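Feature annotations, courtesy of TrEMBL:
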- 2-375: domain 'Amino acid transporter transmembrane' (DOMAIN)
- 20-43: transmembrane segment (TRANSMEM)
- 76-95: transmembrane segment (TRANSMEM)
- 115-132: transmembrane segment (TRANSMEM)
- 144-166: transmembrane segment (TRANSMEM)
- 178-198: transmembrane segment (TRANSMEM)
- 210-232: transmembrane segment (TRANSMEM)
- 252-281: transmembrane segment (TRANSMEM)
- 293-312: transmembrane segment (TRANSMEM)
- 318-339: transmembrane segment (TRANSMEM)
- 359-379: transmembrane segment (TRANSMEM)
Amino acid sequence: LQGIFVLGLPYALLHSGYSGLLLIVLAAVLCCYTGKILIACLYEENEDGQLVRVRDTYEDIANACCKKLSPKLGGIVVNVTQVVELIMTCILYLVVTGNLLSHSFPYVPITEKTWSVIAFVTLLPCVFIRTLKIVSKLSQLCSLVHFVIILIVTTYCLTQIHQWSWAKFRLSIEFEDFLVSVGVIIFSYTSQIFLPTLEGSMKNPGEFRCMLNWTHFFACVLKTTFALTAFLTWGEETKEVITDNLPSFLEMLVNLCLLTKALLSYPLPFFAATEIVYSCISKGNHSNYRSPLLALSVRVSFLLLTLLMAMFTPHFALLMGLSGSVTGAAMTFLLPSLFHLKLKWKKLSFLEKCADISVFVLGFLCSLAGIVCSIKGLLEVFG
């Protein structure tokens with residue numbers, strides 16, 4: 001999903017101007033910060049003053065914060081939010097594959113929905129994925145394909161360097177267009193859902209903060225470079241997905257790479273969503289949780305659900321924007337800062353408290369603005 005958003009970064013610069021460059025850097029800093037404070041909520045000091053991991057998941061953190069109100073309320077809210085966001089992500093991949101295939105083979109008399117079904121068939125082996133190791137290997141291939149896409153687009157842009165002009169940047173911006181840019185830029189960094197599992201699976205969890213710093217730093221540099229070179233190449237003609245600006249001979253190649261990336265990206269949110277459901281089932285009935293038939297049934301149900309929603313949900317892009325404004329902002333900004341304040345209040349310095357409160361307020365405003373824009377778009381579509 002981050003790759004899809006990255007391809008929209010030049011379009012975001014079109015509507016945000018110079019402020020968009022600052023936003024790319026600011027979003028990297030904020031998302032890196034919320035990732036760190038989220039992981040900090042997994043740990044507590046023991047009697048010797050050493051940090052000990054007493055929680056394993058986002059759900060455990062939520063339950064610890066809401067235990068006085070209700071022992072399981074926080075976990076339920078977090079799990080529902082995570083599953084909704086992950087399912088919507090899987091659906092988006094199917095929609096994207098259908099769109100890419102129809103544009104790559106325009107002379108084949110097949111609709112986008114039919115192409116989505118064909119892509120769905122290739123994803124059926126996902127029902128047999130049981131470990132994160134397989135998902136990680138697919139994600140490595142996905143990253144490689146993503147690198148190839150960025151390399152192709154950037155190389156072409158560099159061949160057009162003779163027509164670059166800083167005059168293409170806007171000094172004045174429209175507020176609603178700016179909000180769209182904010183959403184694209186911020187959500188190109190979101191990964192908080194996966195961080196507790198990632199940190200727990202590291203051989204040396206003590207290196208997590210360093211890893212987070214470097215990954216966000218390089219992501220910021222690469223995204224800024226990519227967005228800047230692409231926007232300077234096409235200026236006002238920059239399209240929502242930058243690959244649509246490429247010459248036809250390159251567009252076909254890149255679209256096929258994007259198709260491969262989308263199919264390789266699907267297993268990660270799919271696996272994460274099913275694991276959340278499994279963990280909830282295991283708490284109620286350990287014997288059923290271990291039933292291979294139940295595991296297979298849940299995976300098949302998830303696959304069919306994503307296909308049906310991809311085919312029959314009207315105006316999916318607007319609904320995705322509405323869902324992302326609620327779940328994405330909540331999981332990335334609102335909940336990490338709120339949980340950190342709740343669990344670590346007595347140990348936080350004044351500046352740390354101000355930072356958490358500022359992130360919470362910023363996340364709330366971004367979420368509210370995104371919801372308003374998405375609802376306005378839906379009302380316009382439905383008349």
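Using the three backbone atoms N, Cα and C, a Cβ is placed for every residue, glycine included.
Across the candidate stretches 20-43, 76-95, 115-132, 178-198, the maximum count of CB pairs under 8 A to the transmembrane segment (293-312) is reached by 115-132. Most Cβ pairs within less than 8 Å of the transmembrane segment (178-198), among stretches 20-43, 115-132, 144-166, 252-281, belong to 20-43. Sequence-distant residue pairs (6 or more apart) of the transmembrane segment (252-281) and the transmembrane segment (20-43) include fewer than 3 whose Cβ atoms are under 8 Å, leaving the two stretches without contact. For the transmembrane segment (115-132), the residues of the chain that approach it from at least six positions outside its boundaries are 94-95, 97-99, 101-102, 197, 201, 259, 262-263, 266-267, 270-271, 295-296, 299-300, 303, 307, 310-311, judged by C-beta separation under 8 angstroms.
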